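Asker: Dumping the structure here so I can ask a few things about it.
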Amino acid sequence: MFFFRRKNVKPAPRPSRAPSFALPKRRASVQLMPSHQHDQLPFLSRSRFSALPHFRAYEDEPENLSLFIAILYVVDLFGIFPFVTLPAMLVELGYFGILLVLSIIFLQIYTSFLLSQCWTMAEHLDPSILQKRNYPYAALAELAYGPYVSLLVSVLLDLSIFAMAVPSVVMAAENLEAVVLRMSAGHYNFSYCYWAIIVGLVICPLMWLGSPKHMRGLAIIAVCVMILIVALLWFCLFAAPAIGTPFEGISMELPGFLTVLSSYSILAFQFDIHPVLLTLQIDMKRKSQVSWAATIGIAITCSVAIFGSIIAAYKFGSMIASNLLQSLPTSVPFYVMLILMSLQLCFSVTVASSAMFLQIENYFKLPESLSLKRMAIRSTVLALEVLVAEFVPSFDALMDVVGGTITGPLVFILPPLLYRRIRRMERVHQRIAAEASYGSLPLDLNYDPVELEMEPLLVAAKPNSPRGCWLRLVRLLHRLDCDVSCTMGVLLFGILATFLSTYLNLFSLPSLFTNNSPCLSNLTRP
């Protein structure tokens, strides 16, 4: 066998007997992550889908998010607004309100699934889109419709996130003011204007954190605080004395059109996850699970909010206030709940603002690490949010405007449009790739891989078995392109609801600030 021995092969080195301190030190393993030095470069031409992103080494990069942590982020993102405002809305809408709430939530889940699918398809079409991870929503719009639509999406996204932070600051300040006012029996009042500034100072250092994967501990603490809030809220509801008969004033009649339209705007504002969804998806270990995180998080929040609303309707009926906290009696658990609500709102603002800050920092070409420029930019934006909160009369003053005019297009119009366009691009890309692979061979242009995979499964399954019926139903839905048909229905609903809400807001906008904020009254007082 020595005839087959390879020549010029060095023998394996023997293990060294030198002490460990004398051996050369091994370098720590590094993790390859996409660099962002080319974030401002435009997309490659659509005929070149084989470009690979550039990579750069980072040694101390945190791990990506799991499904459980992503669910915690979603629950924290919604905050306490559904628990506080949903009871009065359901009482006003009657039994029709539960149907409206479930419908809006179902559409939110469906469009979040469409948006996550858009990013998955975009990664296969153009891998260089990973270089634009700091502004994924705008990157999808640029891939599908060009730079002008991308600019529109960026403006709507930043306005939505900025406007969503203002009611959170307002409500946190109102809760702290109510604690001092009720504990002193109305003898001492520390003004809401000063509490808003204190809330901003609490949020400021939390804002300096990076993307959601740097806020893992914050999400866990926020959900623990949320669990305490729900327990205290239910305790206060059960301990509160009932007013009148159970479910008094709740009718079976259909509510008015303007009431339904206003409720739609508020629900779109409260259960909006789309501005942060793609940022969360990019930071996850398994990006395909982001739709499950959104579904489970929305289901948990909606279930808890509806159960609390039923208890409140049973106790107070039509006498319930628009803010549930104003209907609860004073007690020590009530004070603790108000303080915890203010703290949770600070956490919610931090998580919700991450997508906006990443986009702004990408525009100024800031590094991902903590720097003075990041601290200055985020602190300045937060100061503007606090300044706007000083002149807002109440936390629900902006919900109709933001939910109907700004959030509506991001939730119900853009996801179906992007999905339809990127899906069409994917089909064209698959056809071009097949033609390039087979050259001049004649191709079957009606080739469908789903149909090819379904045939052996249908043959193996029994015709009348549940599995066989399910497979035939899936094949039928695929042939009818039901996903495209559903997106068209959601798109038409979003256009109609956004148009009507915007039209209504044009007439109701001057009346929103009729009752001026106390801060504005102090400035204008002679």
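Quick reminder: no glycine exception, Cβ is built from N, Cα and C everywhere.
The domain 'Amino acid transporter transmembrane' annotation in TrEMBL covers 84-427. Annotation source TrEMBL lists transmembrane segment at 65-89, 95-122, 143-169, 189-210, 217-244, 256-280, 292-314, 334-358, 379-395, 401-419, 482-504.
Context for these features, please: burial, neighbours, distances.
Answerer: Proximity of distant same-chain residues to the transmembrane segment (95-122), defined by a Cβ-Cβ separation under 8 Å and at least 6 residues beyond the stretch ends, is recorded for 86, 89, 129, 136-137, 139-140, 143, 250, 252, 254-255, 260, 263-264, 267-268, 271-274, 277-278, 281-282, 287-288, 290-291, 294-295, 298, 302, 306, 411-412, 415-416, 418-419, 422-423, 425-426, 486-487, 490, 493.
Within its own chain, the transmembrane segment (143-169) has Cβ neighbours under 8 Å at 42-43, 79, 81, 122, 125-126, 129, 135, 137, 196, 199-200, 203, 269, 272, 275, 345-346, 348-349, 352-353, 355-356, 359-360, 381, 384-386, 388-389, 392, 395-399, 401-402, 406-407, 409-410, 414, 417-418, 421-422, 425, counting only residues six or more beyond its boundaries.
Residues 69, 72-73, 75-76, 80, 83, 206, 209, 304, 308, 311-312, 314-317, 319, 327-329, 331, 333-334, 336-337, 340-341, 343-344, 347-348, 350-351 of the same chain sit 6 or more residues outside the transmembrane segment (217-244) yet have a Cβ under 8 Å from a Cβ within it.
Tertiary proximity for the transmembrane segment (256-280) is limited to same-chain residues at least six positions away from its ends with a CB under 8 Å from its CB atoms, namely 65, 70, 73-74, 77-78, 81-82, 85-86, 89, 92-93, 97, 100-101, 104-105, 108, 111-112, 115-116, 119, 136-137, 140, 157, 160-161, 164, 211-212, 290, 293-294, 297-298, 301-302, 351-352, 354-356, 358, 396, 399-404, 407-408, 410-412, 415, 497, 500-501, 504.
Residues 73, 76-80, 134-135, 137, 157-158, 161-162, 164-165, 168-169, 171-173, 175-176, 178-179, 182-183, 199, 202-203, 206-207, 209-212, 215, 218-219, 221-222, 225-226, 228-229, 232-233, 236, 275-276, 278-279, 325, 328, 374, 377-378, 381 of the same chain lie 6 or more positions beyond the ends of the transmembrane segment (334-358) yet place their CB under 8 Å from a CB of it.
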Asker: Examine the transmembrane segment (65-89) against the transmembrane segment (482-504) and state whether at least 3 Cβ pairs sit under 8 A, considering only residue pairs 6 or more apart.
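Answerer: Contact between the transmembrane segment (65-89) and the transmembrane segment (482-504): absent.
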